[in-house]
Every structure is written in structure tokens, then in C-alpha cells.
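Have a look at the structure below, then the notes.
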Amino acid sequence: MGARASILSGGKLDEWEKIQLRPGGKKRYKMKHLIWASRELERFALDPGLLETSEGCQKIIRQLQPSLQTGSEELKSLFNTVAVLYYVHQRAGVTDTKEALDKLEEEQNKSQQKTQQAAADKGVSQNYPIVQNLQGQMVHQSLSPRTLNAWVKVIEEKAFSPEVIPMFSALSEGATPTDLNTMLNTVGGHQAAMQMLKDTINEEAAEWDRLHPVHAGPAPPGQMREPRGSDIAGTTSTLQEQIQWMTGNPPVPVGDIYKRWIILGLNKIVRMYSPVSILDIKQGPKEPFRDYVDRFFKVLRAEQASQDVKGWMTDTLLVQNANPDCKTILKALGTGATLEEMMTACQGVGGPSHKARVLAEAMSQANSAIMMQKSNFKGQRRVVKCFNCGKEGHIARNCRAPRKKGCWKCGREGHQMKDCTERQANFLGKIWPSNKGRPGNFLQSRPEPTAPPAESFGFREEITPSPKQEQKDGELYPPLASLKSLFGNDP
């Protein structure tokens, strides 16, 4: 306890206890924070005695800083505490933790700039993975397993979508041809795509050999041979030769050249894996403009065209392939509108309010079409006729003429139209009484039968007709003539 408490004393301890944990906060650093920091250093297998000097704090900072991205909250708190303690030893007069961290970052940036400037003055390349060792020699550091794992994960998750190319470019920064071949060899699947990539590399290597022919005669002593296309691809050159080419004077950036060939092949693969043309990207009738823009630029990244052509596609096709609602808005903005202005103007298109407005307009158009169809209907309208006055255009209930007495049908008094016994006219326009034979649209006489009467076999009793029926039948059917004249003596 005593040793840990003796890290600071006197004026430094007073300055330590004045520093705030957070900007504008009430809590301040105390002795217990130093005791906790020394215990944490022991847990991380570091010497707590390093906290007693500014040089020791600087060593702890260099040791802990690479682990901040993946470290726990305790590790970050320990780093912050050591950074504040470092400036207490320096008598820098910091007031809170954030100020100490900002000051530390500023110092590290200045130190890095000085290192890069000194390396540039000496003509030494600092590109990873070729670095300079303590003896001043340029050595190669292999790609870390974490870098290779990130590349394999991108291929597995994204296949060969357009975002694979910038990811490859970032992971292969400063790499040698050997490193680039290592990245390509880690791709397990997609062998058809890898074969396409090899074909592109071979074509570019042959083009390099054509444009850079080998000079006749042996190379001058002390001078390296010029790289061939296969040397740039890493198949006929060693790692040491690649390093010498990349760090020579003048340098030959074989890594960057090979990387450019690979990206050219990846562009062809992305094009194959993204068969959709930019001309086919059109906004759906209910699709939000933001989703349409996302799809448009994703396919545009896969297009093998210059930046000027892509700019023309953006200015022309983005508006041309929008749906009618967005197209109307975009044309009103004019040709000089930025993408931000377009997305802001079309923000509500496709949303609930816009859908309701479009639905209301569609229903209004449908109703107007129905009304026009009704107005154009050429069928005859039903004529309304008044039973009271006999005029057309109104009914009896609305008639202003004096009320007619009696039946509206026959004109007689004593009954209403619903009780009228007068027959209506048939479809021939003739009225027939009910007691004067058959209706006028039926035959008034029947043809006389020529067959003999049916024989009776005694299966049922004959029905005796009534006198009235006989009289009626006598009127309708006159007696038949004798049939003896027809059949002679036939019994």
C-alpha cells in the first residue's frame, strides 16, 4: 500500500487530485485510482513501478494502445489513467481526462509526421509490408492472419459484389506480388472467377512484355534486371527481387502494377456476377426514391466505364428511369440539382401520405370515367307518364292538376286502379274481353281430328260431362261427319 501510494507526492499529488474524470464533472482523481492502476498493471503482467516516471508511463501507453480497439472497458480506463498520470509527471497542467487524451493524440501525430518526413528525405519507402529494421535494411513482413481472414470473409459474404474491389485495395496497400498471390490463393471457392482473373493477368503481362522489350546484351554490373510480366505477377521473381525493385532508385512499383492488373480482372468478375445493366434499373411505382438511388449506384459501381460516362449516366438515367411522380418533381428542379436536393424533394413519394393522395386521384379519375360512360349511353330513357293528367315528365304523386276521380285506368268511379277489372292490351295492341272466347293472339279455331276415337278398355270409369260443358263443346267443336264414306264396309 505504501509503495503504491508513493507514486505521487507533494505538488504532483495536489495537481492529480484537481483533474476531473469527465469535462465539467464533479468527480476528480484520487489516490485510490493510482492504487487501482498499479493492481491492473500487475494483472496485465506489467511493472507497476513504471507509473513513477513519465518515461515509464510512456512505455505503458505504447504497450496498451494497440489493444484499445479490441480491449475491455477496464483496459481503456487503465489507458486513460496512465495518460493523465503521464501529463502530471510532465507538469502539463491538464484539467480533465479528455484534454489529456487529445494532447496525447496530437503529440503522436506530430511524431509520426516527423518520422515520415525523415524517411522521405532519405528516399526510404515506409509502405507496409516492406519496413526498415533497426540496421536500416528493408525487410518484408508477411500479411497478418487477421488481414487474410478479413479478405476471405468478404469473399464468402459478398461473393464478387462491387464493394469487394475497394476492400481488396485497402487490404493490399503496399503489398508485394507475393503477398497479392497469397491473398488470391486463400480464396477457396469461385474457381471459375479465379480462372477469369488468371486470364486477365496473363493478358496484361503479355501486353507489358510487348511495351517493355528486353534490352540486348547483359545488364550493367550492380544494376538489377528489368522486370518482365511474369516477374510482376510473382511467378518468376523472388521476394527479395520484388523488394529491391520496389525500394530501388528509381523504384519499379511491381506491387502496384500487379495490383492494378488484379483490380482490372476483378472488375470483369464483378460485371459477370452482376448481370443487371444500369439501363434496367427503374424505380417501381411504390418504391421510395432512396431505395431506387441505392440500387442505381450499386449497379453503377459494377459498370466498366470512365468517370465521365458514369457522371452522364447519373445525370440522365437517374431522372429518366424514375417513376412518373418522382420524374415530375425532378424535372421541376432543373438540370443543375444535386443528389441531396433530389432525395429531399422526393422524400415523401412512396410513403403513406403520397399513397393516399395517389389513391384519391385514381378514384377520382375512375369516377369521372364512369360518369362519362353514363352520359354517352345512347339507350332510350324510360318515359314517365302521369296517371292523373296524362302528361309526361312527372308522376301522379307530384301532379299539380286537380285530382281525377275514379279509376285512373278505365275512368269509371267506384273503384281504384288496383281493383280495376278492365283487361290490358296484349302485345298486339288488341284488347279482348274475358268472356268472348280465346285471346286474340291465339288461334280462334282448332283443326278437326281425323283419327277414330280412343277405345275404352274398362280400366277406369268414364267421366260424365256436365250439360254446360257439352253445350260449350258443341259450340267449339261441331259434330264430326260419318267416316263410313272413308273406310267403306271396314268393320
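Keep in mind that glycine also has a Cβ here, set from the backbone N, Cα and C atoms.
Swiss-Prot tags one of the stretches 12-19, 132-139, 404-411 as region 'Interaction with host AP3D1', and that stretch is 12-19. Cα separation, S144 (phosphoserine) to R403 (asymmetric dimethylarginine), rounded: 111 Å. In the region 'Interaction with membrane phosphatidylinositol 4,5-bisphosphate' (73-77), helix, strand and coil residues by DSSP number 5 helix, 0 strand, 0 coil. Taking Cβ-Cβ distances under 8 Å and a sequence separation of 6 or more, the neighbours of R403 (asymmetric dimethylarginine) in its chain are N388. Helix, strand and coil counts from DSSP across the region 'Interaction with host AP3D1' (12-19) read 7 helix, 0 strand, 1 coil. Averaged across the region 'Interaction with host AP3D1' (12-19), the predicted model reaches a pLDDT of 87. According to its DSSP assignment, S144 (phosphoserine) is coil.
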